[in-house]
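If you check Swiss-Prot, you get these features:
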| type | residues | note |
| --- | --- | --- |
| BINDING | C43, C44, C108, C139 | [4Fe-4S] cluster binding site |
Amino acid sequence: MNSIQFPLLDRTAQNSVISTTLNDLSNWSRLSSLWPLLYGTSCCFIEFASLIGSRFDFDRYGLVPRSSPRQADLILTAGTVTMKMAPSLVRLYEQMPEPKYVIAMGACTITGGMFSTDSYSTVRGVDKLIPVDVYLPGCPPKPEAVIDAITKLRKKISRELYEDRIRSQRANRYFTTNHKFHVQHSIHTGNYDQRVLYQPPFTSEIPTEIFFKYKNSVSSPELVN
């Protein structure tokens, strides 16, 4: 364009055109409209409820809480996760569309907290079930800390590359009742192998030779009589 023939158009065009990349535009739109799925099970979730008030006003970050995982791209776990709740949490995470993010809020969610000491029914860290993007320690964390975690997640989203999101395929991590871990690729059907989740401890810990020898010795007539 000849700036001599159109001087006014040249001056206004410089203030109206924004040059950016498709990746940056996608990141900007996602970090400005995070829709969280609130997974609160304990007292830490009460601190997150304080963000809804006018003092902190979490609406300025574009957060819109959703009740369905299919409409959410962020799951915020707060509180203790038990072994019976582990399959439900994994199922909720798998139902969320990509890209999706996780914020672990509170000591009980991150490490199991005081409930994980000599406990057979508490998951020792939610990162053993689903991948966590931001850890938020505290018992419970303050609302200011929750805002700081959301800010850090927004910075992480702004630096993401589309190629890296396509290349990274996350797998399901199954947590058994014996605190053993199994990795299996996602099939996106919502169905899970209950035999893997609830396998009996005696068949997996006792060797085969000793197990059958023990059965034969108990069922022998000499020991029964």
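Cβ atoms here come from the backbone N, Cα and C positions, even for glycine.
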Neighbour count check, CB within 10 A, over binding-site residues C43, C44, C108, C139; minimum at C139
Residues sitting within 8 A of the centre of the C43, C44, C108, C139 CB atoms ([4Fe-4S] cluster site), not counting those, run S42, A78, G79, T80, G106, A107, T109, G113, G138, P140
C108 ([4Fe-4S] cluster binding site) falls, by DSSP collapsed to helix, strand or coil, into helix
